[in-house]
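Notes follow once the structure below has been shown.
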Amino acid sequence: MTSKNTAANDATKPRILIFDTTMRDGEQSPGASMTLNEKLELATLLESMGVDIIEAGFPAASEGDFAAVSAIAAQSKSAVICGLSRSTPNDIDRCGEAVRKAARPRIHTFISTSPVHMKHKLKMGPNAVLEAVGRSVSQARNLVDDVEWSAEDATRTEFDFLCKCIDTAIASGATTINVPDTVGYSHPDEYGALIRRLIENIPNSDKVIWSAHCHNDLGLAVANSLAGMANGVRQIECTINGLGERAGNAALEEIVMAMKVRGDTLPYETHIDTSYLARASAMVSRITGFPVQYNKAIVGKNAFAHESGIHQDGMLKNSETYEIMKPEDVGVAKTSLVMGKLSGRNAFRDKLESMGYFIEGDALNDAFKRFKDLADRKKHVFDDDIIALVDEQLAAEGERIAFKRLRVVAGTEGPQTAEIDLVIDGEEKYSIARGNGPVDAVFNAIRQLVPHQAILELYQVHAVTGGTDAQATVSVRLNGDDIMATGRSSDPDTLVASAKAYLHALNKFEVRKAKRKAA
Ligand SMILES: CC(=O)SCCNC(=O)CCNC(=O)[C@H](O)C(C)(C)COP(=O)(O)OP(=O)(O)OC[C@H]1O[C@@H](n2cnc3c(N)ncnc32)[C@H](O)[C@@H]1OP(=O)(O)O
Ligand SMILES: CC(C)C(=O)C(=O)O
Ligand SMILES: [Mg+2]
């Protein structure tokens with residue numbers, strides 16, 4: 001693993017263990033279940049990325065989950081492989097059996113400790129829960145050396161009782177103590193204070209690793225995890241893309257990048273190679289079918305995209321103006337300056353140059369104006385749209401007959417009629433004509449203003465880019481008196497593109513005819 005992309009590479013900083021639970025808590029999102037092969041593929045990537053602990057599933061849940069955890073354990077090399085189990089003997093046995101083949105197996109067992117969970121869900125009193133903690137952790141410790149114990153709903157648990165449970169878990173052999181904010185109820189100051197208070201009050205707190213497991217019901221999962229870290233947590237439980245029960249878990253990519261970008265105030269080290277983050281996000285999205293929201297931190301489509309002119313200008317001058325991390329650090333190829341109606345001239349010029357067009361002065365201003373007009377009418381302006389627009393402008397220079405305005409009556413009510421205004425040799429001319437369809441009407445109106453012998457040999461329409469607001473590119477070929485001329489034009493309105501393409505060809509036709517006459 002390279003060190004240059006790790007969250008930090010200063011060995012003097014406290015090490016934070018990254019515990020990925022995408023395949024356990026993440027899989028608990030309705031609709032996110034994964035097949036054995038998908039889990040194996042993801043586990044391979046997580047291990048290459050440097051995840052310390054992979055929670056691969058809940059072995060007692062089904063034969064399929066048991067098989068997936070077993071297979072991941074068998075193929076694992078460096079990561080700790082863990083399964084989750086209730087405090088019941090059968091769950092713990094199944095879990096121990098599933099992780100057995102891992103180079104570094106862990107059993108993670110839990111029970112609820114909050115009054116509401118104990119009373120209504122478990123229907124157990126505190127003493128019975130306390131007894132279950134001791135029994136379950138001891139049983140797990142007889143199977144493996146690495147046992148994590150979680151107090152489900154810890155943040156709504158009465159403090160003294162939580163201390164008793166944790167004390168019992170440590171005394172029974174737990175090596176990691178996890179403090180879940182199961183329902184995403186806590187906020188950073190409160191969660192940080194809880195961790196600090198637990199570590200200060202529990203006699204053997206220094207014998208275990210403290211872990212945070214935060215849910216995102218109030219959008220605070222990452223903030224709470226970081227607050228836990230500042231107060232002594234050294235393992236963070238998180239998921240790729242923040243997948244997980246309800247609103248999800250803390251997002252792995254956000255936790256890791258927060259440490260990497262803000263090493264000044266979050267002085268911790270992880271072994272995650274951050275250049276894998278985009279790939280991991282895409283893989284989880286593909287496997288689960290859950291799209292990543294466009295503005296998702298770190299891995300969203302827009303995380304390194306800029307459309308507004310002032311930001312684009314800043315980015316062209318120095319990327320630090322609007323980006324706090326480099327796209328390649330998270331595995332994104334490069335920043336994108338997206339062209340749209342808010343883009344400015346500097347970004348437009350840069351885009352043209354990147355496509356091989358070097359235009360300046362009036363030509364650039366004209367092209368920019370036409371681009372803005374197009375962007376006002378069209379949601380996404382693609383590179384091909386800009387190429388079509390500039391090509392058309394270049395072709396239009398020096399033309400005798402210029403397009404001015406078009407109005408067309410089409411549809412079933414007819415008659416299909418076109419009214420057109422052209423500027424011919426500097427003089428504005430108008431005509432109206434009917435046709436067998438709107439395109440025919442447009443061409444007839446042009447023929448009335450510029451009578452000619454050429455016949456229309458070819459008329460083709462195709463969309464430059466996708467979507468119902470795509471630009472249409474129309475190609476036409478005129479042929480007459482052994483002179484052939486082709487024309488091409490693009491516009492979101494197919495009829496306007498047709499008129500312009502016809503005129504493009506007609507201009508060439510007329511020039512060639514005049515040249516032949518003069519010769
Ligand atoms: C906060 C979390 O993320 S917790 C983890 C959630 N994950 C899962 O639930 C994994 C998938 N679950 C399953 O496949 C099933 O629920 C199983 C196999 C675990 C249990 O299935 P069933 O035996 O049919 O029980 P069911 O799901 O209906 O109810 C859960 C039972 O477990 C009990 N229980 C819940 N948590 C625990 C615990 N930590 N320790 C002991 N018992 C528990 C409940 O009180 C309930 O008991 P009851 O049947 O006596 O009322
Ligand atoms: C089982 C535990 C760790 C959990 O997922 C939670 O409490 O949210
Ligand atoms: Mg959870």
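Note: Cβ is positioned from N, Cα and C throughout, glycine not excepted.
Bear in mind that TrEMBL entries carry predicted annotations, made automatically and left uncurated.
Annotated features, as they stand in TrEMBL:
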- D25, H213, H215, N249: Mn(2+) binding site (BINDING)
- 16-278: domain 'Pyruvate carboxyltransferase' (DOMAIN)
- 402-519: region 'Regulatory domain' (REGION)
Using Cβ atoms only, which residues of the same chain lie under 8 Å from N249 (Mn(2+) binding site) while being at least 6 residues apart in sequence? T21, D25, G26, H213, C214, H215, N216, A221, E237, C238, T239, G242, L243
Note the Cβ centroid of D25, H213, H215, N249, the recorded Mn(2+) site, then list each other residue of that chain whose Cβ lies within 8 Å of it, in sequence. T21, P180, T182, C214, N216, A221, E237, C238, T239, G244, E245, G248, A250
Three-class DSSP secondary structure - N249 (Mn(2+) binding site): strand
What is the pLDDT of the region 'Regulatory domain' (402-519) when averaged and given as a whole number? 89
Which residue counts does DSSP yield for the region 'Regulatory domain' (402-519) in the helix, strand and coil classes, in that order? 37 helix, 51 strand, 30 coil
H213, H215: which of these binding-site residues has the highest Cβ count within 10 Å of its own Cβ? H213
Near ligand 1, meaning Cβ under 6 Å from any of its atoms: which of the binding-site residues H213, H215, N249 fit that description? none
Of D25, H213, N249, the binding-site residues listed, which put a C-beta under 6 Å from ligand 2? Please answer none if none do. D25, H213
Assigned element (helix, strand, coil) containing D25 (Mn(2+) binding site), judged by DSSP: coil
